[in-house]
């Protein structure tokens, strides 16, 4: 059970929805993932007019129907002001004060801008939001975000959409060991073993989108991710064996045959 | 040749929206997103008027006049 800001979630896998080939494929993947928390982006409704469909709120309807809690994000925001206004709009539109806060440095790296992120987080916390910031893998930035009252911290494993896995496992482990709020590995996951590793490093959850939505078979990958997160969490709790430099026999040498061969 | 003055309009999601007289925000949203109106209340959308969020409860009492900038947003796939 993952508890964020006092809310219990039955799954430690948080899903993103970007990049899905169709709404139906997305729905099947969300169901297969077992997720109970899923990100959405805020965008202008389509303008009505000849040939243009009227405003489409189908993404909103899908999450309502599946009973999945929406986690609006501030994707595409490059400044504190943009991110704060987008979060406020999301609160109105989605009826939730939860926000995945993104303040992005530039549209090439898509890396979080740490100074603006902390400033926006502080402002939104003061405004009553439950803030889940998408941050770099710097343990000190994670600490600052916790200090200003974030309900979780969400360090990246690797750049958004890269599928490179966890580039700095030591930092992720350090963030997880130091944090007193949930740590959710966000971005960079490529395949199931990456998600399992995040959990083994001590993360409380994993957020991923592209790894599932752009997989050849999104539904099957969603199931793989669900199992990987469960397996990694179980392994982390089970206490792995220490690493050794040399082999250690698992069969006892006692009672071994003494053959004159 | 006399210049043609542009017809009075507001900017709604960055596009000119013809507007002769101020209209309640609720009416504007309902015209923009007719599919999301349940029991007369639009669901799943939010509105900013001149860069400030207008809470749902204030839509009826808020009017949009020519020259206003309105953003109407909803949740879409992303993140």
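Residue numbers in this text run from 1 along the chain shown.
Cβ atoms are placed via backbone N, Cα and C, with glycine included.
Values in this document were obtained by computation on a predicted structure and should not be read as measured data.
When the candidates A:161, A:237, A:239 are compared with the 1-deoxy-D-xylulose 5-phosphate site entry in TrEMBL, which names A:187, A:188, A:209, A:210, the shared residue is A:161. Residue A:210 (1-deoxy-D-xylulose 5-phosphate binding site) has a Cβ environment of 19 other Cβ atoms inside 10 Å.
Listed binding-site residues: A:161, A:188; maximum Cβ neighbour count within 10 Å falls on A:188. Within the same chain, the residues at least 6 positions away from residue A:209 (1-deoxy-D-xylulose 5-phosphate binding site) whose Cβ sits under 8 Å from its Cβ are A:15, A:16, A:17, A:18, A:19, A:39, listed in sequence order. Proximity to chain B, defined as a C-beta distance under 8 Å, is registered for none of the binding-site residues A:161, A:187, A:188, A:210. Nearest neighbour of residue A:100 (active site, schiff-base intermediate with DXP) by Cα distance, taken over the binding-site residues A:161, A:187, A:188, A:210: A:187.
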